[in-house]
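A.B. asks: Before I ask anything, here is the structure I am working with.
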Amino acid sequence: MALNLAHQIGSLAGTQIAAEVTTGEQSSSATANVSGVRKVPLANLRCNAPGEALSPPILTPPLTPRSAENRPAMMSPSLSAACQAFGTLSPLETAEESSASVAWKEGGKKEEKKGVPVYVMMPLDSVTNGNTVNRKKAMNASLHALKSAGVEGIMIDVWWGLVEREAPGAYNWGGYAELLEMAKKHGLKVQAVMSFHQCGGNVGDSCTIPLPKWVTGEIEKDPDLAYTDQWGRRNYEYLSLGCDTLPVLKGRTPVQCYADFMRAFRDNFKHLLGDTIVEIQVGMGPAGELRYPSYPEANGTWKFPGIGAFQCYDKYMLSSLKAAAEAAGKPEWGSTGPTDAGHYNNWPEDTPFFKKEGGGWNTPYGEFFLTWYSQMLLEHGARILSSATSIFDGAGVKISVKVAGIHWHYGTRSHAPELTAGYYNTRYRDGYLPIAQMLARHGAVFNFTCIEMRDHEQPQDALCAPEKLVKQVALATGAAQVPLAGENALPRYDEYAHEQILRASSLNVDGSAVDREMCAFTYLRMNPSLFHPGNWRRFVAFVKKMNEGKGARRCWEEVEREAEQFVHVTQPFIQEAAVALMH
(Lines of atoms letter the chains of each structure in order from A and count residues from 1; the text may use other names and numbers.)
(Lines give C-alpha, C1' and ligand atoms only; values in the text may rest on other atoms or scores of the structure.)
Protein backbone atom coordinates (compact mmCIF):
# COMPACT_ATOMS: atom_id res chain seq x y z
CA MET A 1 0.00 0.00 0.00
CA ALA A 2 1.34 3.41 -0.92
CA LEU A 3 2.11 5.67 1.99
CA ASN A 4 1.39 9.38 1.94
CA LEU A 5 4.19 11.81 2.72
CA ALA A 6 3.42 12.07 6.39
CA HIS A 7 3.59 8.29 6.82
CA GLN A 8 6.84 8.10 4.85
CA ILE A 9 8.35 10.65 7.21
CA GLY A 10 7.09 8.73 10.22
CA SER A 11 8.69 5.55 8.94
CA LEU A 12 12.06 7.24 8.57
CA ALA A 13 11.95 9.15 11.82
CA GLY A 14 10.64 6.26 13.88
CA THR A 15 7.65 8.28 15.06
CA GLN A 16 4.28 9.14 13.60
CA ILE A 17 4.43 12.62 12.09
CA ALA A 18 1.21 14.52 11.74
CA ALA A 19 0.66 15.93 8.28
CA GLU A 20 0.02 19.55 7.39
CA VAL A 21 -3.25 21.30 7.99
CA THR A 22 -4.87 23.48 5.40
CA THR A 23 -6.02 26.66 7.07
CA GLY A 24 -8.05 29.39 5.54
CA GLU A 25 -5.68 32.32 5.60
CA GLN A 26 -6.84 35.90 5.65
CA SER A 27 -4.65 38.81 4.81
CA SER A 28 -4.04 41.09 7.71
CA SER A 29 -4.18 44.85 7.37
CA ALA A 30 -1.40 45.14 9.90
CA THR A 31 2.10 44.24 8.84
CA ALA A 32 5.45 44.39 10.56
CA ASN A 33 7.41 47.59 10.14
CA VAL A 34 10.66 45.82 9.45
CA SER A 35 11.40 42.49 7.83
CA GLY A 36 12.62 39.74 10.13
CA VAL A 37 15.42 38.86 7.71
CA ARG A 38 18.46 41.08 7.46
CA LYS A 39 21.64 40.49 5.52
CA VAL A 40 24.85 40.01 7.41
CA PRO A 41 27.96 41.89 6.25
CA LEU A 42 30.48 39.42 4.94
CA ALA A 43 33.63 41.40 5.65
CA ASN A 44 34.30 40.00 9.10
CA LEU A 45 33.48 36.37 8.49
CA ARG A 46 36.01 33.66 9.34
CA CYS A 47 35.42 29.94 9.04
CA ASN A 48 37.48 27.09 10.39
CA ALA A 49 34.96 24.38 9.59
CA PRO A 50 35.79 21.70 7.06
CA GLY A 51 33.66 21.30 4.00
CA GLU A 52 30.60 23.34 3.20
CA ALA A 53 29.71 25.90 5.84
CA LEU A 54 27.27 28.50 4.70
CA SER A 55 27.41 30.46 7.94
CA PRO A 56 30.97 30.70 9.26
CA PRO A 57 31.75 32.02 12.72
CA ILE A 58 31.33 35.77 13.09
CA LEU A 59 33.68 37.67 15.36
CA THR A 60 31.04 39.32 17.46
CA PRO A 61 29.98 38.68 21.06
CA PRO A 62 27.47 36.03 22.05
CA LEU A 63 24.56 38.32 22.68
CA THR A 64 21.11 36.82 23.08
CA PRO A 65 20.33 34.42 20.28
CA ARG A 66 16.95 36.10 20.15
CA SER A 67 18.95 39.09 18.86
CA ALA A 68 21.29 37.32 16.44
CA GLU A 69 21.05 38.09 12.78
CA ASN A 70 19.34 35.90 10.22
CA ARG A 71 21.25 35.09 7.11
CA PRO A 72 20.06 35.65 3.55
CA ALA A 73 18.33 32.90 1.62
CA MET A 74 20.47 30.75 -0.64
CA MET A 75 17.86 29.13 -2.88
CA SER A 76 14.97 29.89 -5.26
CA PRO A 77 12.91 26.71 -5.79
CA SER A 78 9.72 26.62 -7.79
CA LEU A 79 6.89 27.62 -5.50
CA SER A 80 4.21 26.12 -7.72
CA ALA A 81 5.85 22.69 -7.70
CA ALA A 82 6.35 22.83 -3.95
CA CYS A 83 2.75 23.85 -3.37
CA GLN A 84 1.45 21.06 -5.60
CA ALA A 85 3.38 18.44 -3.64
CA PHE A 86 2.55 20.15 -0.38
CA GLY A 87 -1.16 19.97 -1.19
CA THR A 88 -1.10 16.15 -1.19
CA LEU A 89 -0.46 15.96 2.54
CA SER A 90 -3.12 14.59 4.84
CA PRO A 91 -5.07 16.92 7.15
CA LEU A 92 -3.29 17.57 10.42
CA GLU A 93 -4.58 15.86 13.53
CA THR A 94 -4.02 17.22 17.00
CA ALA A 95 -0.70 15.67 18.04
CA GLU A 96 -0.66 13.46 21.12
CA GLU A 97 2.33 13.66 23.38
CA SER A 98 4.62 10.69 22.85
CA SER A 99 5.32 8.59 25.93
CA ALA A 100 9.00 8.88 25.09
CA SER A 101 8.98 12.68 24.99
CA VAL A 102 10.63 14.78 27.66
CA ALA A 103 8.23 15.75 30.43
CA TRP A 104 9.14 19.17 31.74
CA LYS A 105 8.69 19.40 35.46
CA GLU A 106 8.76 22.27 37.88
CA GLY A 107 12.20 23.07 39.20
CA GLY A 108 13.87 22.06 35.98
CA LYS A 109 13.58 18.28 36.39
CA LYS A 110 12.94 15.92 33.53
CA GLU A 111 12.02 12.28 33.12
CA GLU A 112 14.64 9.59 32.88
CA LYS A 113 15.46 9.89 29.22
CA LYS A 114 18.71 10.11 27.35
CA GLY A 115 19.40 12.90 24.94
CA VAL A 116 19.00 16.66 24.82
CA PRO A 117 15.74 18.00 23.37
CA VAL A 118 16.21 20.68 20.70
CA TYR A 119 14.07 23.81 20.44
CA VAL A 120 14.23 26.39 17.65
CA MET A 121 13.90 30.15 18.13
CA MET A 122 11.22 31.88 16.13
CA PRO A 123 11.86 35.17 14.27
CA LEU A 124 11.84 38.26 16.48
CA ASP A 125 8.83 39.66 14.62
CA SER A 126 6.71 36.50 14.69
CA VAL A 127 3.86 38.67 15.99
CA THR A 128 3.23 41.96 14.20
CA ASN A 129 2.61 45.41 15.61
CA GLY A 130 -1.03 44.77 14.75
CA ASN A 131 -1.06 41.73 17.10
CA THR A 132 -1.38 39.11 14.37
CA VAL A 133 0.87 36.23 13.31
CA ASN A 134 3.45 37.51 10.85
CA ARG A 135 3.88 35.53 7.60
CA LYS A 136 1.27 33.00 8.70
CA LYS A 137 1.71 30.71 5.71
CA ALA A 138 5.47 30.58 6.24
CA MET A 139 5.01 29.97 9.95
CA ASN A 140 2.62 27.08 9.37
CA ALA A 141 4.89 25.38 6.83
CA SER A 142 7.97 25.97 8.98
CA LEU A 143 6.45 24.49 12.12
CA HIS A 144 5.44 21.41 10.15
CA ALA A 145 9.00 21.05 8.86
CA LEU A 146 10.52 21.44 12.33
CA LYS A 147 8.21 18.82 13.81
CA SER A 148 9.08 16.40 11.03
CA ALA A 149 12.79 16.78 11.85
CA GLY A 150 12.32 15.65 15.44
CA VAL A 151 12.52 19.11 17.01
CA GLU A 152 10.98 19.18 20.49
CA GLY A 153 9.54 22.66 20.25
CA ILE A 154 10.01 26.36 19.61
CA MET A 155 10.97 29.48 21.57
CA ILE A 156 8.74 32.55 21.26
CA ASP A 157 9.41 36.09 22.50
CA VAL A 158 6.29 37.46 24.21
CA TRP A 159 6.99 41.18 23.98
CA TRP A 160 5.84 43.45 26.80
CA GLY A 161 5.95 46.30 24.30
CA LEU A 162 3.36 44.59 22.06
CA VAL A 163 0.99 43.00 24.56
CA GLU A 164 0.65 45.86 27.08
CA ARG A 165 1.58 48.62 24.66
CA GLU A 166 -1.27 51.11 25.00
CA ALA A 167 -2.20 51.31 28.69
CA PRO A 168 -1.36 49.70 32.07
CA GLY A 169 -3.19 46.41 32.47
CA ALA A 170 -4.60 46.44 28.93
CA TYR A 171 -3.24 43.19 27.47
CA ASN A 172 -3.67 42.19 23.83
CA TRP A 173 -2.65 38.55 23.34
CA GLY A 174 -4.05 38.38 19.77
CA GLY A 175 -1.12 37.13 17.72
CA TYR A 176 0.25 34.99 20.53
CA ALA A 177 -3.00 33.10 21.02
CA GLU A 178 -2.98 32.12 17.36
CA LEU A 179 0.72 31.27 17.29
CA LEU A 180 0.50 29.07 20.38
CA GLU A 181 -2.48 27.22 18.92
CA MET A 182 -0.45 26.62 15.75
CA ALA A 183 2.35 25.12 17.84
CA LYS A 184 -0.15 22.89 19.64
CA LYS A 185 -1.64 21.60 16.39
CA HIS A 186 1.82 20.68 15.14
CA GLY A 187 2.64 18.88 18.38
CA LEU A 188 5.43 21.29 19.31
CA LYS A 189 6.31 22.38 22.83
CA VAL A 190 6.85 26.07 23.55
CA GLN A 191 9.42 27.98 25.56
CA ALA A 192 7.69 31.32 26.17
CA VAL A 193 10.04 34.24 26.88
CA MET A 194 8.66 37.04 29.00
CA SER A 195 10.48 39.79 27.08
CA PHE A 196 10.44 42.87 29.28
CA HIS A 197 13.18 44.51 27.23
CA GLN A 198 13.25 46.54 24.05
CA CYS A 199 13.94 44.83 20.74
CA GLY A 200 16.43 46.94 18.79
CA GLY A 201 19.90 48.14 19.70
CA ASN A 202 21.69 44.83 20.02
CA VAL A 203 23.61 42.70 17.53
CA GLY A 204 21.23 41.39 14.89
CA ASP A 205 18.02 43.02 16.10
CA SER A 206 16.05 42.90 12.86
CA CYS A 207 13.03 44.85 14.03
CA THR A 208 12.20 47.51 16.60
CA ILE A 209 9.80 46.88 19.47
CA PRO A 210 10.13 49.54 22.19
CA LEU A 211 8.91 49.29 25.75
CA PRO A 212 5.16 50.00 26.23
CA LYS A 213 4.14 53.56 25.31
CA TRP A 214 3.01 54.37 28.82
CA VAL A 215 6.36 53.17 30.21
CA THR A 216 8.41 55.29 27.80
CA GLY A 217 6.14 58.18 28.75
CA GLU A 218 7.15 57.77 32.40
CA ILE A 219 10.83 57.60 31.39
CA GLU A 220 10.43 60.91 29.56
CA LYS A 221 9.15 62.43 32.80
CA ASP A 222 11.90 60.81 34.89
CA PRO A 223 14.97 59.92 32.76
CA ASP A 224 16.61 58.26 35.78
CA LEU A 225 14.31 55.28 35.26
CA ALA A 226 16.78 54.34 32.50
CA TYR A 227 20.22 52.87 33.08
CA THR A 228 22.89 55.59 32.88
CA ASP A 229 26.65 55.55 32.39
CA GLN A 230 29.19 57.97 33.91
CA TRP A 231 28.93 60.31 30.89
CA GLY A 232 25.17 60.67 31.31
CA ARG A 233 24.22 58.44 28.38
CA ARG A 234 20.82 56.84 28.97
CA ASN A 235 19.97 53.30 27.88
CA TYR A 236 16.31 52.61 27.13
CA GLU A 237 16.49 48.84 26.55
CA TYR A 238 15.32 47.93 30.04
CA LEU A 239 14.27 49.77 33.19
CA SER A 240 17.00 50.40 35.76
CA LEU A 241 16.93 47.80 38.52
CA GLY A 242 17.57 50.67 40.92
CA CYS A 243 13.84 51.45 40.85
CA ASP A 244 12.64 47.83 41.13
CA THR A 245 10.67 48.39 44.33
CA LEU A 246 9.55 51.99 43.82
CA PRO A 247 6.02 52.85 42.51
CA VAL A 248 7.36 54.80 39.53
CA LEU A 249 5.04 53.32 36.85
CA LYS A 250 1.68 54.94 37.49
CA GLY A 251 1.50 53.64 41.04
CA ARG A 252 3.10 50.24 40.43
CA THR A 253 6.70 49.15 40.82
CA PRO A 254 8.49 47.63 37.82
CA VAL A 255 8.56 44.23 39.54
CA GLN A 256 4.80 44.48 40.11
CA CYS A 257 4.33 45.27 36.42
CA TYR A 258 6.38 42.22 35.43
CA ALA A 259 4.40 40.04 37.87
CA ASP A 260 1.03 41.33 36.61
CA PHE A 261 2.10 40.61 33.02
CA MET A 262 3.12 37.04 33.87
CA ARG A 263 -0.08 36.53 35.84
CA ALA A 264 -2.17 37.73 32.88
CA PHE A 265 -0.23 35.37 30.59
CA ARG A 266 -0.89 32.47 32.96
CA ASP A 267 -4.62 33.21 33.19
CA ASN A 268 -5.02 33.66 29.43
CA PHE A 269 -3.12 30.50 28.46
CA LYS A 270 -3.75 28.23 31.44
CA HIS A 271 -5.26 25.61 29.11
CA LEU A 272 -1.85 25.27 27.38
CA LEU A 273 0.44 25.38 30.41
CA GLY A 274 2.27 22.16 31.17
CA ASP A 275 1.24 20.57 27.87
CA THR A 276 2.11 22.92 25.03
CA ILE A 277 3.79 25.70 27.04
CA VAL A 278 6.45 23.85 29.03
CA GLU A 279 8.88 26.61 29.99
CA ILE A 280 8.71 30.24 31.00
CA GLN A 281 11.97 32.09 30.47
CA VAL A 282 11.84 35.29 32.51
CA GLY A 283 13.53 38.32 30.97
CA MET A 284 15.71 40.19 33.47
CA GLY A 285 17.67 42.74 31.48
CA PRO A 286 18.76 43.90 28.03
CA ALA A 287 18.37 41.21 25.37
CA GLY A 288 16.37 39.27 27.98
CA GLU A 289 19.54 38.40 29.93
CA LEU A 290 20.34 38.82 33.62
CA ARG A 291 22.92 41.60 33.18
CA TYR A 292 23.44 45.34 32.89
CA PRO A 293 23.38 46.98 29.41
CA SER A 294 27.15 47.45 29.54
CA TYR A 295 27.87 46.84 25.86
CA PRO A 296 25.14 48.56 23.79
CA GLU A 297 25.75 48.46 20.06
CA ALA A 298 23.16 51.13 19.17
CA ASN A 299 24.62 54.22 17.53
CA GLY A 300 28.07 52.68 17.57
CA THR A 301 28.47 53.16 21.31
CA TRP A 302 30.22 49.82 21.77
CA LYS A 303 32.05 47.49 19.41
CA PHE A 304 33.40 44.01 20.01
CA PRO A 305 35.68 43.33 21.88
CA GLY A 306 35.47 46.48 24.01
CA ILE A 307 35.25 46.18 27.80
CA GLY A 308 31.96 48.06 28.11
CA ALA A 309 31.05 50.48 30.90
CA PHE A 310 29.42 50.37 34.33
CA GLN A 311 25.72 51.32 34.39
CA CYS A 312 25.14 52.69 37.89
CA TYR A 313 24.77 56.43 37.45
CA ASP A 314 21.01 56.96 37.55
CA LYS A 315 19.88 58.54 40.80
CA TYR A 316 18.29 55.32 42.08
CA MET A 317 21.45 53.26 41.66
CA LEU A 318 23.60 56.03 43.15
CA SER A 319 21.27 56.23 46.15
CA SER A 320 21.76 52.52 46.77
CA LEU A 321 25.53 52.85 46.35
CA LYS A 322 25.61 55.69 48.87
CA ALA A 323 23.69 53.63 51.43
CA ALA A 324 25.97 50.61 50.92
CA ALA A 325 29.11 52.72 51.35
CA GLU A 326 27.82 54.24 54.57
CA ALA A 327 26.89 50.80 55.88
CA ALA A 328 30.45 49.64 55.11
CA GLY A 329 31.87 52.60 57.04
CA LYS A 330 33.30 54.13 53.87
CA PRO A 331 30.96 57.00 52.96
CA GLU A 332 33.61 58.45 50.63
CA TRP A 333 33.10 55.42 48.34
CA GLY A 334 29.40 56.14 47.83
CA SER A 335 29.34 59.26 45.66
CA THR A 336 30.13 57.62 42.31
CA GLY A 337 31.26 54.48 40.56
CA PRO A 338 34.84 53.99 39.28
CA THR A 339 36.00 56.99 37.26
CA ASP A 340 39.14 55.33 35.89
CA ALA A 341 37.53 52.30 34.22
CA GLY A 342 38.00 53.59 30.69
CA HIS A 343 35.42 53.82 27.89
CA TYR A 344 33.23 51.26 26.14
CA ASN A 345 35.83 50.34 23.52
CA ASN A 346 38.95 50.32 25.66
CA TRP A 347 40.80 47.11 26.51
CA PRO A 348 41.65 46.18 30.11
CA GLU A 349 45.27 47.31 29.99
CA ASP A 350 44.17 50.73 28.71
CA THR A 351 42.59 51.53 32.06
CA PRO A 352 43.89 52.03 35.61
CA PHE A 353 40.91 50.18 37.06
CA PHE A 354 41.14 46.98 34.98
CA LYS A 355 44.88 46.62 34.35
CA LYS A 356 46.43 43.42 35.65
CA GLU A 357 49.13 44.99 37.84
CA GLY A 358 47.83 47.35 40.50
CA GLY A 359 44.37 47.63 38.95
CA GLY A 360 41.63 49.17 41.05
CA TRP A 361 39.48 46.05 40.63
CA ASN A 362 41.81 44.20 43.00
CA THR A 363 41.81 46.81 45.80
CA PRO A 364 39.51 47.11 48.83
CA TYR A 365 37.53 49.84 47.03
CA GLY A 366 37.23 47.71 43.89
CA GLU A 367 36.10 44.69 45.87
CA PHE A 368 33.49 46.79 47.67
CA PHE A 369 32.11 48.32 44.48
CA LEU A 370 32.07 45.10 42.44
CA THR A 371 30.40 43.20 45.28
CA TRP A 372 27.66 45.84 45.52
CA TYR A 373 27.21 46.05 41.73
CA SER A 374 26.89 42.28 41.28
CA GLN A 375 24.75 41.85 44.39
CA MET A 376 22.25 44.40 43.07
CA LEU A 377 21.91 42.27 39.94
CA LEU A 378 21.43 39.07 41.94
CA GLU A 379 18.76 40.69 44.10
CA HIS A 380 16.99 41.94 40.98
CA GLY A 381 16.90 38.41 39.59
CA ALA A 382 15.71 36.97 42.90
CA ARG A 383 12.82 39.47 43.13
CA ILE A 384 11.47 38.60 39.70
CA LEU A 385 12.05 34.87 40.15
CA SER A 386 10.17 34.93 43.43
CA SER A 387 7.16 36.38 41.61
CA ALA A 388 7.47 34.00 38.65
CA THR A 389 7.72 30.83 40.71
CA SER A 390 4.73 31.88 42.81
CA ILE A 391 2.61 32.76 39.76
CA PHE A 392 3.35 29.54 37.87
CA ASP A 393 3.34 27.27 40.91
CA GLY A 394 1.46 24.10 40.04
CA ALA A 395 1.24 24.98 36.34
CA GLY A 396 3.59 22.19 35.26
CA VAL A 397 6.15 24.50 33.64
CA LYS A 398 9.79 25.10 34.39
CA ILE A 399 11.20 28.57 34.97
CA SER A 400 14.48 29.59 33.35
CA VAL A 401 16.82 32.59 33.29
CA LYS A 402 19.34 33.46 30.60
CA VAL A 403 22.90 34.51 31.44
CA ALA A 404 25.12 36.13 28.80
CA GLY A 405 28.21 34.36 27.48
CA ILE A 406 30.78 37.16 27.73
CA HIS A 407 33.90 35.38 26.53
CA TRP A 408 36.13 38.23 25.36
CA HIS A 409 39.07 39.21 27.61
CA TYR A 410 38.23 36.07 29.60
CA GLY A 411 41.93 35.23 29.68
CA THR A 412 42.85 38.43 31.53
CA ARG A 413 43.04 38.71 35.29
CA SER A 414 40.22 41.21 35.72
CA HIS A 415 37.68 39.84 33.17
CA ALA A 416 36.64 43.45 32.58
CA PRO A 417 33.65 42.88 30.22
CA GLU A 418 32.10 40.47 32.69
CA LEU A 419 32.55 42.94 35.54
CA THR A 420 30.84 45.82 33.72
CA ALA A 421 27.94 43.46 32.87
CA GLY A 422 27.49 42.62 36.56
CA TYR A 423 29.23 39.24 36.79
CA TYR A 424 31.88 39.47 39.52
CA ASN A 425 34.10 36.89 37.85
CA THR A 426 37.88 37.32 37.94
CA ARG A 427 40.91 35.06 37.91
CA TYR A 428 40.56 34.84 41.68
CA ARG A 429 36.78 34.67 42.08
CA ASP A 430 33.98 32.53 40.60
CA GLY A 431 31.22 34.90 39.53
CA TYR A 432 28.85 32.24 38.17
CA LEU A 433 28.46 30.07 41.25
CA PRO A 434 26.46 32.77 43.13
CA ILE A 435 24.16 33.10 40.12
CA ALA A 436 23.69 29.33 39.94
CA GLN A 437 23.00 29.15 43.68
CA MET A 438 20.39 31.90 43.42
CA LEU A 439 18.64 30.08 40.57
CA ALA A 440 18.81 26.79 42.49
CA ARG A 441 17.05 28.37 45.46
CA HIS A 442 14.14 29.23 43.17
CA GLY A 443 14.13 25.95 41.27
CA ALA A 444 15.05 27.67 38.00
CA VAL A 445 17.14 26.58 35.02
CA PHE A 446 20.44 28.31 34.17
CA ASN A 447 20.36 29.07 30.43
CA PHE A 448 23.71 29.96 28.86
CA THR A 449 24.86 31.11 25.43
CA CYS A 450 27.95 30.73 23.18
CA ILE A 451 27.69 26.93 23.35
CA GLU A 452 28.72 26.56 19.70
CA MET A 453 31.95 28.56 19.91
CA ARG A 454 35.54 27.31 20.07
CA ASP A 455 38.37 29.33 21.53
CA HIS A 456 40.47 29.43 18.37
CA GLU A 457 37.60 30.81 16.28
CA GLN A 458 37.66 34.05 18.25
CA PRO A 459 40.35 36.79 18.30
CA GLN A 460 43.15 35.55 20.49
CA ASP A 461 44.65 39.01 20.91
CA ALA A 462 41.50 39.75 22.94
CA LEU A 463 42.07 36.53 24.94
CA CYS A 464 38.64 35.16 24.02
CA ALA A 465 37.87 31.79 25.59
CA PRO A 466 34.25 30.67 25.10
CA GLU A 467 35.06 26.99 25.70
CA LYS A 468 36.73 27.73 29.02
CA LEU A 469 33.82 29.96 29.99
CA VAL A 470 31.24 27.26 29.19
CA LYS A 471 33.27 24.79 31.24
CA GLN A 472 33.31 27.17 34.22
CA VAL A 473 29.53 27.62 34.01
CA ALA A 474 28.99 23.86 33.71
CA LEU A 475 31.07 23.28 36.85
CA ALA A 476 29.22 26.04 38.73
CA THR A 477 25.79 24.66 37.85
CA GLY A 478 26.92 21.18 38.77
CA ALA A 479 28.12 22.38 42.17
CA ALA A 480 24.84 24.25 42.75
CA GLN A 481 22.81 21.31 41.43
CA VAL A 482 20.89 23.50 39.03
CA PRO A 483 19.93 22.30 35.52
CA LEU A 484 21.89 23.85 32.65
CA ALA A 485 20.42 24.63 29.22
CA GLY A 486 22.22 26.09 26.24
CA GLU A 487 21.84 28.25 23.15
CA ASN A 488 24.09 29.09 20.26
CA ALA A 489 24.96 32.77 20.16
CA LEU A 490 25.29 33.22 16.40
CA PRO A 491 23.75 31.53 13.35
CA ARG A 492 25.73 28.42 12.42
CA TYR A 493 24.79 25.69 9.96
CA ASP A 494 28.05 23.74 9.73
CA GLU A 495 28.94 20.38 11.26
CA TYR A 496 31.91 21.92 13.05
CA ALA A 497 29.56 24.03 15.18
CA HIS A 498 27.11 21.15 15.60
CA GLU A 499 29.89 18.92 16.90
CA GLN A 500 30.89 21.58 19.42
CA ILE A 501 27.30 21.89 20.64
CA LEU A 502 27.09 18.12 21.06
CA ARG A 503 30.34 18.12 23.00
CA ALA A 504 29.31 21.00 25.25
CA SER A 505 25.81 19.64 25.88
CA SER A 506 27.24 16.34 27.14
CA LEU A 507 28.70 18.22 30.14
CA ASN A 508 31.78 16.02 30.31
CA VAL A 509 33.70 19.01 31.60
CA ASP A 510 35.94 17.42 34.18
CA GLY A 511 36.67 14.13 32.45
CA SER A 512 34.31 12.17 34.69
CA ALA A 513 31.54 9.92 33.42
CA VAL A 514 28.80 11.70 35.34
CA ASP A 515 25.36 10.90 33.95
CA ARG A 516 24.46 14.52 33.32
CA GLU A 517 23.52 16.40 30.17
CA MET A 518 22.05 19.78 29.37
CA CYS A 519 18.32 19.73 30.00
CA ALA A 520 17.60 21.44 26.66
CA PHE A 521 19.23 23.26 23.75
CA THR A 522 17.63 26.12 21.82
CA TYR A 523 18.84 26.67 18.28
CA LEU A 524 19.24 30.10 16.69
CA ARG A 525 17.12 30.69 14.55
CA MET A 526 14.33 29.75 12.14
CA ASN A 527 14.96 31.59 8.86
CA PRO A 528 15.19 30.82 5.11
CA SER A 529 18.83 29.72 5.36
CA LEU A 530 17.93 26.93 7.77
CA PHE A 531 15.82 25.34 5.04
CA HIS A 532 18.53 25.42 2.41
CA PRO A 533 18.94 21.73 1.39
CA GLY A 534 22.52 21.43 2.66
CA ASN A 535 21.83 23.28 5.90
CA TRP A 536 18.61 21.36 6.47
CA ARG A 537 20.32 17.98 5.97
CA ARG A 538 22.99 18.88 8.53
CA PHE A 539 20.39 20.26 10.93
CA VAL A 540 18.28 17.09 10.76
CA ALA A 541 21.37 14.97 11.50
CA PHE A 542 22.30 17.30 14.36
CA VAL A 543 18.84 17.02 15.96
CA LYS A 544 18.99 13.25 15.67
CA LYS A 545 22.38 13.12 17.37
CA MET A 546 21.20 15.43 20.16
CA ASN A 547 18.13 13.27 20.75
CA GLU A 548 20.26 10.11 20.97
CA GLY A 549 22.31 11.53 23.82
CA LYS A 550 25.87 11.22 25.01
CA GLY A 551 25.92 7.43 24.99
CA ALA A 552 25.35 7.17 21.23
CA ARG A 553 28.28 5.78 19.28
CA ARG A 554 27.11 6.30 15.71
CA CYS A 555 29.30 8.40 13.43
CA TRP A 556 28.20 11.56 11.65
CA GLU A 557 28.34 9.84 8.25
CA GLU A 558 25.78 7.23 9.26
CA VAL A 559 23.42 9.79 10.72
CA GLU A 560 23.81 12.03 7.68
CA ARG A 561 22.91 9.16 5.33
CA GLU A 562 19.65 8.77 7.20
CA ALA A 563 19.16 12.53 7.12
CA GLU A 564 19.75 12.59 3.35
CA GLN A 565 16.90 10.15 2.77
CA PHE A 566 14.71 12.06 5.20
CA VAL A 567 15.41 15.37 3.44
CA HIS A 568 14.52 13.83 0.08
CA VAL A 569 11.13 12.67 1.35
CA THR A 570 10.33 15.95 3.09
CA GLN A 571 11.61 18.20 0.30
CA PRO A 572 8.21 19.54 -0.83
CA PHE A 573 7.20 21.22 2.41
CA ILE A 574 10.79 22.19 3.24
CA GLN A 575 10.81 24.13 -0.02
CA GLU A 576 7.43 25.56 0.90
CA ALA A 577 8.80 26.81 4.23
CA ALA A 578 11.91 28.34 2.65
CA VAL A 579 10.05 30.14 -0.11
CA ALA A 580 7.32 31.40 2.20
CA LEU A 581 9.88 32.79 4.66
CA MET A 582 11.63 34.63 1.82
CA HIS A 583 8.42 36.49 1.11
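Placement of Cβ uses the backbone N, Cα and C atoms for every residue, glycine included.
According to TrEMBL, the protein carries these features:
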type: ACT_SITE; residues: GLU289; note: active site, proton donor
type: ACT_SITE; residues: GLU487; note: active site, proton acceptor
type: BINDING; residues: ASP157, HIS197, ASP205, LYS402, HIS407, THR449, ASN488, ALA489, ARG525; note: substrate binding site
A.B. asks: I need the CA-to-CA distance for the residue listed as 'active site, proton donor' versus ASP157 (substrate binding site), whole Å please.
C.D. replies: 13
A.B. asks: Going by C-alpha positions, which of the binding-site residues (ASP157, HIS407, ARG525) is nearest the residue listed as 'active site, proton acceptor'?
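C.D. replies: It is ARG525, whose Cα lies nearest.
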A.B. asks: Looking only at Cβ atoms, how many others are within 10 Å of the one on the residue listed as 'active site, proton donor'?
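C.D. replies: There are 28 of them.
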A.B. asks: For HIS407 (substrate binding site), just count the other CB atoms lying within 10 A of its CB, please.
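C.D. replies: Around HIS407 (substrate binding site), other Cβ atoms within 10 Å: 28.
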